[in-house]
Each structure stands twice: as C-alpha cells, then as structure tokens.
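Visitor: Attaching a single structure in structure tokens format; questions to follow.
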C-alpha cells in the first residue's frame, strides 16, 4: 500500500515506470536501463516495481547477463530491495525462465514467503528441463503448504505427467482440477486432454475434450496430437473435419499434425487436403509448416511434390535439406541424394550427423559398401565418429552389406553406447539368424546395466526364429512378459510369422487369439501372416473367420496383400469358386493378385483359364514376371499340356525378353520327361546355363524307368545321389525305379545305403479339421493318436467289409 501511495504521489516516478514498462515489453532493455540511470541522476526514487519491470523485460528477451547485473544492483541497494517479496519472486521467475536451475533453486529455498507465482516458476522450470518427477513433487509440496495451484501451475503438472506417462498421477491432478473449479478453463482442460493423450488413455482425453464449454484451437490440437501419437491417424483426420465444421481456424500445429497422420497412414488425399487448407487459410510456408509438408510428401513417395515444396520454403535450414535427402534415399534415388548433398555444400551448409546417417542408410539400402566406407571416413575426419546416431547407422550399414565383423568393430570402438546402438547390432545378428551371438550380446547388455526394451526382446526372439529355434523363441517371449515388458504388436506378429516359417502354423493361430485376448488389434501384416498360417494348415474354417474379420475391420483399407492371400488360401483349401469371387471383387489391378489367381488355376490344372488371365495381363500392358511364368508352366505340367508349355517358355524368352531361371527349366524338364520326351529333356539340360538340381534328375529317372532305359537310370541315379546324398526321397525314387525293372539286388543295395546313413523314408501325413476339436494329424504307422483304438476298430470293420465284398 505504501508502494502505491509513493507512486501516486510522485508523478515523475510514475511517468518513468510507464515508459520503462513499455520499453521492456518491446524488447528495448538498453533504453529502459538508460532511463533508470537518468532517474538515479535526477534523484528520482527507484522503487521495487522499476526493477521488477526490468527483470520482466529480461525474461521476454531471455537476457541472463543483463538480469544478473540488475540482481547485483538490487543486492547493492540493501535488504529493503533484496528482501522485498515482489523482487524476490521476480528474481526467481527471471532465473527460472532463463533455465538457471541452481540459482533458481537457491533463491526458492531462501524465500520467506512462497506464493503461487514462485511455485509456478520452479515447477515450470523443472518441467521444462526434464525434471518431471521433481515438478510433480513440487506440486504435492505446494498443496501440503496450503498454496493452491492455479491455471498456470496445473498445465505444467499435466505436461510432467504426460512426459512420465503417469496417468495415475494425472487422474489425481484431474480430481484436483474438478475440486478447485478449474475445469472450465480451456487451457487447463487442454493440458489434461494432452496429458491423457501422451499417456495413451484416449477415451479420457476425449471425455475431457467433450466437456470443455468453449473449445479453442489449442484444445482441438491437444486431442489431435494425442490421436496421432497413439497411431489413431484416421480419428485425427476426422477431428480436423469436425473442427472446421465448428468454424475453428486451423493453425500451423493443426496442419502439421494432420500431415503427420496422413503420412503415417499413407493417406495421400488426406495429406493433400491438409496442404490445401494451409494455402486457403493463408498460412505462410515458413520453415516449420514447410518442413511438415515436405516430410509428408517424402514419406508417401511423391518426391516431385516434395521438390516443389522444397524450392518454395522460405529460409531453408539443415533440417529442410536433410528431409529431402532422406526422401530421395527412401525412394532409392541415391544419385539424387548425393547431388543434393553437393548443392547443400555450395550453400555453405555443413553436413551434420543426420545428413551422414541418411547417407549411411543409402549405402545400407543399396548394399554399397564403398559409399558406406566413404561416409565413415568423412565422419572420422570431421570428428563425427563419437555421434551415437551415426555409429548406429554405420553398424546397420555394415550388417546390411554382409560384413557383421566390421559392424561389431564399429560397435566395440564406440565409447558411449546407448540402447539404440545395442539394439542395432542385436537386430543385425537377428537378421542373420545368429542366435548365439545375439544371446551373448543380450547378456552383455544386462552386465553393462543397459535395460532391454521391447525392441531388444523382439530382436532376440527373431534371432531364434530365423535359426529355427522355435522353443527357445517361445521361452524368450515368456521371459519378456515375466520381466514386466508386455509384448507389442510386432512381438506377437514376429512370433506368429516365425511359427508359420518353421512349419508350426497351428501355434500361429493360437497366438493370434492370445494377442486379441491381450487387447491388441492385429494390423494388415498380422492378418497376412494369419492367412498364410491357414493356407499352410489348409484350414478353410479359420480362413473364413479371418476373411470375415477383414471385411468387418479393414473394409476401408483393404490392400492387395489381403486379396492375394485370400485367393491363395481359398485355392489351396479346395474352394476355387470362392478364390474366383475374391478375385472378381478386387479393388486393385496389380500383378501379385493376378499371379495368385493364375497359380490357383495352375493348382487345379486349369490351363485354359491360366492362359486367358495371362493374355488379359498383356491387354492391360502389365508386364508378367518370373512368378507368372512359373505358375503358367506349372499349370501346363499339371495338365500334361506339352504344346502350351513350349509356347509359354518360348514367349517368355522371345516376346518378354526374360531369362528363365532354374525353376522354369525344371518345370520344362518335368513336362518333357513325363510326356516321354526324355531326349528333348536331356537336350534342354545340356543347353541351360545352370547345373541340374535333384528334382530334374528325379523326373528323368522316372521317365527312363517308364521307357526301360536301364543304363540311363544307372547313370542318373549316381548323379542324383551325388547332388543330394542326405535326401531320403532320392533313395526311394531310385529304389522304386529298380523295383519296376525287377533289379532286386539294386533295391536291397539302396535300402542298405539308407540304413548305413541313418536315413528313413518320411512317412505319409494327412490331417482333418473338426469343428470344436481343432486339427487332427494322422501319420503312417502312428499309433499315438488320442482316438487310436476307435480308429483301429473302424479300419478293421472297413477291411472286413472289403474282404467280404
């Protein structure tokens, strides 16, 4: 009160105060300080409020040096100023805003009165510099001291909860907000929505958002960002539409968030619409917005659009250049990326660790070891070798180029190893199926006190699966759960794919059910793996269930991979009509889908339909590939149509200028041999640029056997055993050939050879799926089936009936 009386009674002081306040707000601190000196010269009283305004000006400009000079002057002027509550609070706010933690904490600890402003300053500082737990402890202590957090404190507390993913603490803050009546404040409510979004509790985020009486753009953006961060990209796009309907003008944050959502979901049209909104609303193509648009076009592969945006961005920085270079690399345009690097140097911009990491990625993608080594040499020359991001890229490059030894050397030479670097080498071992090395590295991590994350566990699991160690992979999966890390979508899908690749498709289906029970929703790749499992099991019931799931959950995002997998599934499960129906309802005209249908017809020996579909490809100017011709030749082989096979094989070379692979030659040898054209088959083998494989020789053995060419059978048998001496099927084929000839001594010799090598004929196997009971597998001479007694009784009755007839 005395302060206000003095100001009112001294117009000169009041006049100076207003001038200094105005200058500080406009960033003219030097001029404000000149007026302070003038006041001092004229003996005009300089009250605490003057110093408070100067300190506030230093806050605006983050001018630590000037603020410290003012602090020194305050101390020089004595306790009247230095111990003034207003000045103490202003000093604390100044140091907090300048992120001077030690000074701010020291001042805070010596405060006689800790008011809401001082608490707001110290909590805000801790939150801003990442001391989130400290910020939350401050909130608790503030309440214990009877100081009620206001609408400036609560948003920072919410931000700390979001950063820590502490939704449980956030709910407590939410309870305080309701009790204190702060829920109607749009900034508080927006911070709550943002907190719930960062914690992944989107239902609560939406509930808070819906209860805001007058939502501003900050509230809309908070929920939108939450959706994108949690992979709910479609919801974010819908929110933009709702926001515009309510007449809320989108900001740069809005557009940038929607562009990220569009890029994540591959939504080209949605991204273009966001770009159009930016133009219509007159949002300047500055660095921030321009970078978001550029990033979108690079991610969806529209590199020409990205180039156009790049040229129009005002004030391009290193981030902008790196984005376009990365875009080129993602599209495999390495030469363009290298050219941009040269242009970047001409603009006097130096490469940073991101540029060099991108170039390392280019080397990895193209398996260009020389380029990778050049980038590594540049990094060493310019002292970048200690950059952890670059070290990870270098390890990945060497691994992708097949040099695991060099990858390990880079890893070991890096002094400061972070979790990403450990995971990069672990992933390299996993991709190579080096499960032993991966496991050793995993234990080294634990010894170095580096806590493994979900990526670490996924890599270990993959390494076992790649090496065929399914039991070990399952054990690691269970250990991961025991350690408190819950499997994510990649974990479940990796396990499922591993089961399928290792012939355990029924386990893959079981894992799909367990994954859904855990609350995770399968993505497109998971569904494709599940369909593959059903195909391997020849399980029509499971396949139909998954098809239904696709219709219910992926009707707006169905992909060619779904349709291709479904055609393959139905064909191999004996329902060619349903395969044709899926193909007929296709949304895409792409080669893999056509190949799947041609392969389906081939499986049924429908040569005419296969050829018709092949001709349709030509009419659509769609170039067939190796898979197309493999399926066509298989159809001809299956149907015994030697004329069509020769025509297709000839067209492949003369019309489409394609080089037949070993599989194509194998199918031609098979059809020639099975049609009795043994000499032509032998001629083809002589002419082909490959060494014949066991399958070709087996075909010739069978053909010669039919034609009683005993000497040739002898010669081919030796060739067959030399090519695959450990394949029991080869011995059986030769034995059968000699048996037909009546050469029983040779048959006995084959059996003795198998016995000496410890080889056994693989028993026949069949299975049937019974609703409610799962899959029943039957193996020749196996007596272990749960219903074996019942099966044997029925077989005995059938045998009796047959004998009676």
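Backbone N, Cα and C define each Cβ position, glycine as well.
Per TrEMBL, repeat 'PPR' is recorded for 12-46, 115-149, 216-250, 317-351, 418-452, 453-487, 488-522, 590-624, 625-660.
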Visitor: Using DSSP, break the repeat 'PPR' (317-351) down into helix, strand and coil residues and give each count.
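Guide: Per-class counts: 26 helix, 0 strand, 9 coil.
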Visitor: For the repeat 'PPR' (115-149), what are the DSSP-based totals of helix, strand and coil residues?
Guide: 26 helix, 0 strand, 9 coil
Visitor: Restricting attention to the repeat 'PPR' (12-46), give the mean pLDDT.
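Guide: Result for the repeat 'PPR' (12-46): average pLDDT 81.
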Visitor: Is the repeat 'PPR' (216-250) packed against any residues at least 6 beyond its ends, judged by a Cβ distance under 8 Å, and which are they?
Guide: 186-187, 189-191, 193-194, 196-198, 200, 202, 205-206, 209, 257-258, 260-262, 264-265, 267, 270, 274, 277-278, 281
Visitor: Work out, from DSSP, the number of helix, strand and coil residues along the repeat 'PPR' (453-487).
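Guide: Going through the repeat 'PPR' (453-487) residue by residue, I get 26 helix, 0 strand, 9 coil.
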Visitor: With a Cβ cut-off under 8 Å, give me the same-chain residues at least six positions beyond the ends of the repeat 'PPR' (12-46) that come close to it.
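Guide: Answer is 6, 53-54, 56-58, 60-61, 63, 66.
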Visitor: Using Cβ atoms and a strict cutoff of less than 8 Å, what residues sit near the repeat 'PPR' (418-452) while being 6 or more residues removed from its termini?
Guide: 388-389, 391-392, 395-396, 398-399, 404, 407-408, 411, 459-460, 462-464, 466-467, 469, 472, 483, 485
